[in-house]
Structures are given as structure tokens and as C-alpha cells.
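Data first, discussion second: the structure below is written as C-alpha cells.
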Amino acid sequence: MRDGRLLSPFTRHFHAGSFLSAKVNSLASILQHFIESSCPFKGQALHAQIIKFHLQANTNISIKLLILYLKCGSLVHARNVFDRMPRRTLSAYNYMIAGYFKEGRSEESLDLVRKLSFSSEKPDGFTLSMALKLSASLASCRFPRQVHTQIVRLGIDSDEVVFAALIDSYVKNGNLGYARSVYDAMSVRNLVCSTALIVGYMSQRAFGKAEEIFQNITEKDAVVFNAMIEGYSKELEAAISSIEVYKMMQRLNYRPTISTFVSVIGACSLLSALDVGQQIHGQMIKMEIFSHVKCGSALLDMYSKCGEVEDARKMFDHMPERNVFTWTSIIDGYGKNGIPNEALNLFYDMKSENVGPNYATFLSVLSACGHAGLVSSGQNIFESMERDYKLKPRMEHYACMVDLLGRHGNLSEAYNFIQQIPEKPNSDVWTALLGASRLHGDLEMADAAAKEVFKLSQNGRPGAYIALSNTFAAAEKWQGVSEVRDLMKARGVSKGIGQSWMEIDKGL
């Protein structure tokens, strides 16, 4: 039935002045039709007639109007209906709280949660789970505990969704101790709660605790495997475990998802495990998901980091969809594989295709300019960050510019550039100047840069001590070498031990 035909009997009543005689249930039914239709905005005409004939909408009609406006994406009109309700029910509160949250307006959503707590209505499991999601998005450390108190006070002890949201909220606010106590107190621990806690432990690099929970889960799913694989894939020391869990997932016949492949390919990138990456690439081709932009970007990055920039370029050229991460990966790949001019060309191609660069893109292209000695191009690109893209340079971009200027002998210009940085330069910036000073044998500048590094990081930059020592040694200033070595001993600075991964037939 067409929308106009649905409205026509009521329209006749409107014009006859007997709207009040229309059955409220029929009115609610028509509103429900528009809510469920693909064109809910057409139902707004019915609201206009309700207002025109001064009908006092009951609670049921008001809630349906509220839902209608939320479906239309009009939070303003939905809130207007909500505010005009003579009695705001829990259902009305929940719809508005969820509506604000869905649109990313967390503060307004949280404000309604607070208003509800002072009303005559009592929050239910949905309200509390929404409040916990809000606390996670707003990074409010105290709020999860306040909601937890409400859960205990209201006696909500069997709602798995609420407890999963509570654990997730504690995890995202960095309160892993509280998350674990909630988890341990649960009589039945569901998979969602276990996965949330695993994610928390992985973010804190508490791999042993994550493994303990993972091993105790009897009925696993792809999501919990992904949590383990992703967590391991972010750390070089644990990346091999990411691949091992992926293999376990395969053996147990769990179907990998796009997230699985992105994470395990990321682990291959960290380990420069080309053979393993190529095998996984083959599996992705069989599953026909390798062309997905996230998978393609991960593969491209892996090939670049393994030194196979030609394979990376083939991936890039054949991708049906590219995003800023794809462009950044190929630009970074060319820069890091000693082909900086091609990296710069791709940056300009990216701009011509109207793909806006992000912070990482600028870092990659500035680094490429440094390797190619393109000082003028680098300066222009750096200046375009804020001028053309409203991206305020971060400290790593300033460090990159110092390296670009200093690497090619412009040490005084690099030093003056540091003096003009609007914030206090960090140790990365001064380390870049120290490296450039050592390269050009400028002992005075190296000494000045090193002193700044030591002020900012006394024992966290062993490379800075070694760079200064080597600069003194190159100038045959042996007294200076001795003083730096003594300073390292006094501060307990260790030179550190180098490590490498080697691929063999049985693994890494």
C-alpha cells in the first residue's frame, strides 16, 4: 500500500474537523508503518497533522514519533518530541540515549543518562550497557565504577550484555584489575567477556594472562582468535606467536576473517617473514578477499618491508580500491627501499587523485625527501601540511625536517629551525641534529645536540651517547670519548645487543 493511500482516510478526518475521533491505535499503526519503511521521512506529514489539530499525543504515539525522527536522522526533532512528553518513560530515555550515541554525540547521551538517574524511572540493562559504552568512548575512569555500583544496587547479576560492557569499559579505561575482579566473580563467563579481557591484557603486553584466559575458553570463535593474533602482531618479540595462533586457528577449522589476515600479515611485516606472508597471500586469493582494501594495504606493506617493492607496486596497481593508508604504504615502501624519487612522484599522484594525505603520509614523504636530498621539495611539502591540509606538524615531522636539513650539511639552518618550533623540542628532534652533526663531523654542534638529548632522556637514548662518542673519535678527541664512556657507566646506560630474525625451513 502506498504511503499516500495510508494517510488519505486520516486526511479526510482532518479536514472534517473530526480528527479526535480517529482511533489512536490506527494512528500508531500508520506511524509504525513509516518507521519500518524505506522512507520514514514521509511520516513527518502525519506529525504535522497531529500538531495542526492540537491532538495531545499519548505516550505510545510520542515514542513512535521519537523513533520516526531518529530513523530520519533528525535528533533535533526527536529531542523536541522527547522534551514535550508529559511523562518520559524509560523506553523514551533509552531511544534518545542510543540515538545520540549512534551519532557520536556522547556528551548529550551521557547528559540524558544523568537526567534519567534523577527521574522516577529506573535504568535497565540496556541503559547501563549504553552508559558503559559511553564511559569507554569518553575515557572516563570514574564512570565505570559508578555504573558498577548501580548494577549491584539494582541487582542486575544475570545480564551478560551488561557485564560484557562493564568489563570492556574497565579495560578501555585502563582498569584491568577491576575488569579481572568482575570476570572472576562471574558464575558463567561468556565468550564476549573473555575476549574483552584478552584485548585488555594484550594492550598492556600481559601476554601470559591473555594466554591463560584463551586456553580456558572451551568454545572459541574467530573473534577471540583475532584478539590473540592482533595482540601478538603489534610487538616484534611476540609476532611469531601471532603466526602460530593463526596456524592453530586453521587446524581447528575456524574461518579467518579480514581482520585475521590484516593482523597476521602485519606480524609477517614486523618479522620480514616473506615466505610465510606469501603463503598467507595464497590463502587470501583462494578465499577471494585479497582485493579488499584493508587486506591489499596489509599485503602491500608486507612486501615493501620485506624489500619486495616491485611486488608491492603490483599489488598497488591492481587494487580496485585505494585509500590513504594504501597510498601511504606504497610511498613509505619506495622511500625505505632507496627509491625516494618514485615515493615523491606517488605523493603528487595521490594529490592529483584528490586523496588527502594524513600525518603518516607526510612523515613518509618527508623521509623520502631526506634520502633523496630534495631539501626544497621537503620544505614545500612540510609547509603545505598546515597551509593546505590543516594538519599541524607533530614533533616527528619537525625531527624529519631537522634530519632533512642537517643530513645535507645545513646544520646551522637545522639548528635555527629547531629554535622556531612552537613547542619544546623532544629528544627525537635533538637526536636528528646529533646524527647529522656526526655525519658531517661538526663536533661543536654534536656536543650541543647531545647535551639537549641527555637533559631530556638521561638513559633512554644509548644511541645518542654512542653517536657523540664516535664523533669525538672521528675527530681524534680521545678525552671526549673517555668522558662519554664514563658518563654512560655513571648513568647505567647500556649499549644494548643487536638481534635479527632468520627464516629457515621450519620457521623463524
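Yeah, the Cβs are placed from backbone N, Cα and C, and that goes for glycine too.
What TrEMBL annotates here:
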- 89-123: repeat 'PPR' (REPEAT)
- 159-193: repeat 'PPR' (REPEAT)
- 221-256: repeat 'PPR' (REPEAT)
- 323-357: repeat 'PPR' (REPEAT)
Non-local residues, at least 6 beyond the ends, that sit with Cβ under 8 Å of the repeat 'PPR' (221-256): 191, 194-195, 198-199, 201-203, 205, 207, 210-211, 214, 263-264, 266-268, 270-271, 273, 276, 280, 283, 287, 507-508
Folded-back contacts onto the repeat 'PPR' (159-193), same chain, C-beta under 8 angstroms, at least six residues removed: 125, 128-129, 132-133, 135-136, 139-141, 143-145, 147-148, 151, 199-201, 203-204, 206, 217, 219-221, 223-224
Secondary structure tally of the repeat 'PPR' (221-256) (DSSP, helix then strand then coil): 25 helix, 0 strand, 11 coil
For the repeat 'PPR' (89-123), residues assigned helix / strand / coil by DSSP: 25 helix, 0 strand, 10 coil
DSSP helix/strand/coil residue counts for the repeat 'PPR' (159-193): 26 helix, 0 strand, 9 coil
